[in-house]
Amino acid sequence: ALETLKMFEKKDSRVKSAAATNLSFLYYLGNELEQATNYADLAVNSDRYNPAALTNKGNTVFANGDCEKAAEFYKEALRNDSLCTEALYNLGLAYKKLNRIDEALDCFLKLHAILPNNAQVLYQLASIYQVMEDPNQAIEWLLQLISVVPTDPHVLSKLGNLYDTEGDKSQAFHYYCESYRYFPSNIEVIEWLGAYYID
């Protein structure tokens, strides 16, 4: 894939931008940040209105720890294409990392309107409500999430933990048992179940 895309580098700016965008993404996936950054820059310089190029550039900046600057690239990508879900998702993550929780929540609620059954979006919404110390809302989003991915042991144990925090031992027991059924090696779940049986 890398070799094929490199052949398109010398073409006109639109083709060059598309090839550089894909090359940047492939290097990013391979954790070669320097190469990913070089191709992200090339893609953005070839076509400043390419939302995928701007998103990739934001990703490389984010990976280097500058969440504020990454958020600017994601916002620029969204100005060029308001339905660029990758940019919106990553903007939400950047805001979350910057502890701008209300803005992160806004991003993920917009995404939920576009992608109503996306497991990652549902998980982020639950996570944000947990950060906001609203366990009831977090539980609601996690219940929606397990309707999409019913066998995810991490989500099931998270539900168990939230119900336990709320004092609902029977629901906590149910979700911890389900989590244990799908992944019997989680020590935290085993400890909770052991303590529950002792009680």
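Just so you know, the numbers here start at 1 and follow the chain as drawn.
Even glycines carry a Cβ here, placed using N, Cα and C.
What TrEMBL records for this protein:
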type	residues	note
REPEAT	85-118	repeat 'TPR'
REPEAT	119-152	repeat 'TPR'
REPEAT	153-186	repeat 'TPR'
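Mean model confidence for the repeat 'TPR' (153-186) is a pLDDT of 97. Helix, strand and coil content of the repeat 'TPR' (153-186), in residues and according to DSSP, is 27 helix, 0 strand, 7 coil. Remote same-chain partners of the repeat 'TPR' (119-152), defined as residues 6 or more beyond its termini with a Cβ less than 8 Å from a stretch Cβ, comprise 89, 92-93, 96, 101, 104-105, 108-109, 111-112, 158-159, 162-163, 165-166, 182. Broken down with DSSP, the repeat 'TPR' (119-152) shows 27 helix, 0 strand, 7 coil.
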